[in-house]
Structures are given as C-alpha cells and as structure tokens.
Amino acid sequence: MADKSKFIEYIDEALEKSKETALSHLFFTYQGIPYPITMCTSETFQALDTFEARHDDIVLASYPKCGSNWILHIVSELIYAVSKKKYKYPEFPVLECGDSEKYQRMKGFPSPRILATHLHYDKLPGSIFENKAKILVIFRNPKDTAVSFLHFHNDVPDIPSYGSWDEFFRQFMKGQVSWGRYFDFAINWNKHLDGDNVKFILYEDLKENLAAGIKQIAEFLGFFLTGEQIQTISVQSTFQAMRAKSQDTHGAVGPFLFRKGEVGDWKNLFSEIQNQEMDEKFKECLAGTSLGAKLKYESYCQG
C-alpha cells in the first residue's frame, strides 16, 4: 500500500490527536459538511483549489468505509504489473487530508499519482475535470457501510467511540459523522456516474468476483494485462491476504481497517425499525436513479 514510514507517520499523528479529543469535539464543519479535526483543516480545504491535477492522475472517490483501501491496493498492484515499479505514496493518499502545503509538494511527484478522496463531486478541485483525470467511484451498500463505520470508531484504540450502535445509527442518519451523510454523498455523485472518465465500482461485485472486477478496473485505466497477471493480483488482493499484511502496510489501524469485509454484516445489528428507516431513506434519495439501480439495494439490504 502506502510508503510505510509516511503513511504510518500520518496515522500515528492522527491517533495521537484523537487521544485527547472527545467525540463531541471531533468534527469541524466546512461548507456544511463535518470533517475530523484529527485529519483535516480548514486551511487545507482553502488550499485545495490550488491542486493541479494531471490527465494521468487516478482518483478514487468513495464515502468512508466503502473499500477505498482495497481499491488503493488493487490500483497500486496494477501499476506495478505494467511498470515493474512498486508504487509509493510520498503523501497520505487522501487528497483532503494533511497540511495545506501538500499540494505544492505533490507537483514534484512522478506520474501516475493515485489520489483517494471522500469528497462530493462538486467539492473536488476543478483541475481534475479540466484535465480529464480518470475517476473510480466506489460504493458499498449503506447498511454494511454504517456497521463498518461504527466498528472503526469503537475498535481502534484512541479514536473517540460511541456508547452504542443505536447512538451511532442516529448520528449516521443525521450526517453527524466524518464526511457527513452517506445519502448526500450518493445523491451528489449519482449525477456524474456516466461521465467518460468515470468508472463505477460496487464493493459487493468485487466480493463476488474479484478477478472480473480487477480486469474491468485495468481496462478502464488503459492497462492491458494477461489473465495470469490478473489472477496474481486477485490472489494478492483478497481480504484475507490484505488483512494478513495490514500491520505492515497500515500500522496500528491495519487490523481494524480490514476487520471482516463481509456482505450482510448489518443483519447482526440493525433493528426492524432501523431497517425501515434506512429503507425509507433509500427510497427517498435514490429510488429510480441510476445509482439506486447500481447499488442492488434489494439484493444486499433487504430480506
């Protein structure tokens, strides 16, 4: 994944900040969306428009806990397969995280650059669209996303935790969590999924057929690999393989980033009332939309 020293150094700093941060003081709001004070700053957001994207940048957009670390690994392995050079992250890969000087430093980084983000489409720097960078948009069903988000907060040492699943569910539905409401993110991206430089990826599809998903990603990025190469990357990118190496690649948070990776884990926590509330929210926000169909909500969130 990321260059160990740089990635883990950033995570360690964020965890250190979290130690003395109460949950009620974890967020600051920028342009109507809450962000964690341990990872983002208003100064960085103000500098974000100075970021100069390149046509060969690879942008990975997702709501938190939807598989961005998984896709980061896959794309890194694809780059290695075609270039024979191990991809290294000179900066923490999430575009909006870090200090406000990072965008100047990134000008000197070699291409292609992999850029992760949890931002809405209309919050991204305009140069990404002007220079026609490739954008992979990763989605996961909202129920499993919520459960994974809770476990990340409550399992990782030093990160402020929630008193109960019920408490977290209320905050998740209100958007009082890092990067705001899942459904706001979804509505915003729904309008842009059919763009020429945009590729939609469903977490559940990757779980069902990882090799096929990797092949689609490779073709979208213009990487032409043999079946043997695709299979090799697939074996290296299973949840089990990534979890086994997570301490080395992600430091202290590694085992918590790769906790279960199961489809349907929400059934262990959701009450009937919570199910109904989420189902109604889905209908209100995404029923009849392109993204609503792509999420296969009936298959993964009902029954």
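From the backbone N, Cα and C atoms, a Cβ is placed for every residue, glycine too.
Proximity of Arg140 (3'-phosphoadenylyl sulfate binding site) to non-local residues of its own chain (separation of 6 or more, Cβ distance below 8 Å) is seen for Ser62, Tyr63, Lys65, Cys66, Gly67, Ser148, Leu202, Tyr203, Glu204, given in sequence order. DSSP assigns Arg140 (3'-phosphoadenylyl sulfate binding site) to coil in the three-state reduction, placing it in neither a helix nor a strand. According to Swiss-Prot, the feature 3'-phosphoadenylyl sulfate binding site maps to 65-70, Arg140, Ser148, Tyr203, 237-242, 259-261.
Within the same chain, residues at least six positions away from His118 (active site, proton acceptor) with a Cβ under 8 Å of its Cβ are Ala61, Ser62, Tyr63, Pro64, Ser68, Val94, Glu96, Ser178, Trp179, Phe185. His118 (active site, proton acceptor) falls outside any helix or strand according to DSSP and counts as coil. Residues or ranges marked as active site, proton acceptor by Swiss-Prot: His118.
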**Residue among binding-site residues Ser68, Gln240 with least C-beta crowding, 10 angstrom cut-off** = Gln240
**Message:** Sequence gap of 6 or more, Cβ distance under 8 Å: name the residues on the same chain that satisfy this around Ser237 (3'-phosphoadenylyl sulfate binding site), in order along the sequence.
**Reply:** Trp70, His73, Ile74, Glu77, Leu210, Ile214
**Fill in**
DSSP, reduced to three states, assigns Gln240 (3'-phosphoadenylyl sulfate binding site) to helix
**Prompt:** Looking only at DSSP and grouping its letters into three states, which state does Ser68 (3'-phosphoadenylyl sulfate binding site) belong to?
**Reply:** helix
